[in-house]
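K.L.:
Feature table excerpt (TrEMBL):
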SIGNAL    1-21  signal peptide
REGION    21-94  region 'Disordered'
COMPBIAS  59-79  compositional bias 'Basic and acidic residues'
REGION    132-196  region 'Disordered'
Amino acid sequence: MQRKIFMLAVAVLISSGPAFAQQTQPNQPDPTVHQRRENQQDRIANGVGSGQLTAGETKNIEGREANLNREIKDDRSADNGKLTQQERQQINKQQNNLSHSIYQDKHNANQAHFGNNEVGQRRENQQDRIANGIRNGSMSAGEAARTENREQGINQQVHADRQANGGKLTGQEHRQINREQNGASRQIYRQKHNGR
């Protein structure tokens, strides 16, 4: 009789071992939330690289992505690294909305066109560098949003200067744009190499 009780106790311990092991695992990020963020960053990077996303669209999407990342981080820190079911559902809804926005922005009529000149080529190269930073993870969503904001300001300045001068830039305007692009280039470099 004691042998049967002992064997039954051993069987219960063996069968419940995996349940205890799962409970003692360190807190890991939810793979679906993390993977969706990675996939969306890849989609954004591809849109920037292909010109399907303009600087303004990218800035908007990256800003929303940065806000969502902060919200996820805050939710996890409030609950020992875990997300509640309600938080997961809310994040999933926000990620669905963001995914829809990425799709809409990539497939609308707006495209990044930089022209066939030195200023336009430089802006295009910087967009490629931002896209690569997003793709390989060396730039966070917030960093990309700030950089896109700066790029958008430069683009608007070039557009306004050209409109005022019959489609051309004066020598002084060209030098000013070049200085601003140098600053943006340094910002991209710093953000890609800051280890965040």
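A Cβ is built for glycine as well, from the same backbone N, Cα and C atoms used for every other residue.
On a predicted model such as this, the values are computed, not experimentally measured, just so you know.
For each feature listed, report its degree of burial, its nearest neighbours and the pertinent distances within the displayed model.
P.N.:
Sequence-distant contacts of the compositional bias 'Basic and acidic residues' (59-79) (same chain, at least 6 residues past either end, Cβ-Cβ under 8 Å): 29, 33, 37, 40-41, 44, 53, 87, 91, 94-95, 98, 101-102, 105, 134, 140-142, 144-145, 148-149, 152.
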K.L.:
DSSP says what for the region 'Disordered' (132-196): how many helix, strand, coil residues?
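P.N.:
Helix/strand/coil tally for the region 'Disordered' (132-196): 51 helix, 0 strand, 14 coil.
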